[in-house]
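Structure, as structure tokens:
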Amino acid sequence: MEMAPAAQVASNPRTVEDIFKDYSARRGALVRALTSDVDEFFGLCDPDKENLCLYGLANGSWEVALPAEEVPPELPEPALGINFARDGMNRRDWLSLVAVHSDSWLVSVAFFFAARLNGNERKRLFNMINDLPTVYEALVDRKHVRDRSGVDSSGKSKHSTKRTGEGQVKRSRVVAEEYEDDDEEHNETFCGTCGGLYNANEFWIGCDICERWFHGKCVRITPAKAEHIKHYKCPDCSSSSSKKTRL
């Protein structure tokens, strides 16, 4: 099957908040491609195909595709030919290389949109971006994340507050085993908004509709507020319900 060029149609965000939302969606997509969806991603990067790129899209999805045909392209392009090195490198090293290039691309797209912002706005955007873990950190810096999560050196798991589907608050574990093979890398929990890895020191809340998990701060829910919510519905599910109601 021939692979078509990526359709990089941008939503053209203009404000700091909208650009950051675009960045977060693309970043979350790339994190998923290199972690929970890594087997699918690996299979799509066939070295026998032409120059392929990994795209994180503004709608939160990802795709492996040929580069855009327009010159110059509508948006900055990600690294070309990521598929060629797939079988010539250690799998973990190859994924790390793709992650580093993906981080560079994400920043270039964000500041492409930020070209008309003033200096203070660009600085604020950069700080917002810098507050999120990079794709590379989400992929390989797991020991650092576990250390920040309060996991002790004995390898025992620590607990933090998460919410169940019944609106109750429960204690859930962050497993602290070393990631000795690639298969174990797929078991991480990522925030449905920012794509950040689970951290036991932060409050998380689960959506009862789509069953995704979110940083409380990303969806503006505090532990105290969560205690009074019987069934939590994330912003995406709330938006979908509103649209159906209006129809």
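Each residue, glycine too, has its Cβ placed from N, Cα and C.
According to Swiss-Prot, the region 'Disordered' annotation covers 147-178.
Broken down with DSSP, the zinc finger (188-240) shows 10 helix, 9 strand, 34 coil. According to Swiss-Prot, the zinc finger annotation covers 188-240, on the basis of sequence analysis.
According to Swiss-Prot, the feature site 'Histone H3K4me3 binding' maps to TYR198 (among others), an assignment based on similarity to another entry.
Feature annotation from Swiss-Prot assigns site 'Histone H3K4me3 binding' to TRP204 (among others); the stated evidence is similarity to another entry. In this view, TRP204 (site 'Histone H3K4me3 binding') is surrounded by 24 other Cβ atoms within 10 Å of its Cβ, with every protein chain counted.
Sequence annotations record features per position, and here Swiss-Prot assigns site 'Histone H3K4me3 binding' to ASP208 (among others) based on similarity to another entry.
Per Swiss-Prot, the feature site 'Histone H3K4me3 binding' maps to TRP213 (among others). Of all the Cβ atoms in the protein chains shown, 19 others lie within 10 Å of the Cβ of TRP213 (site 'Histone H3K4me3 binding').
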Using C-alpha atoms only, work out the spacing between ASP208 (site 'Histone H3K4me3 binding') and TYR198 (site 'Histone H3K4me3 binding') and round it to an integer in Å. 18
Could you round the CA separation between TRP213 (site 'Histone H3K4me3 binding') and TYR198 (site 'Histone H3K4me3 binding') to a whole angstrom and send it over? 9
ASP208 (site 'Histone H3K4me3 binding'): tally of other CB atoms within 10 A of its CB: 18
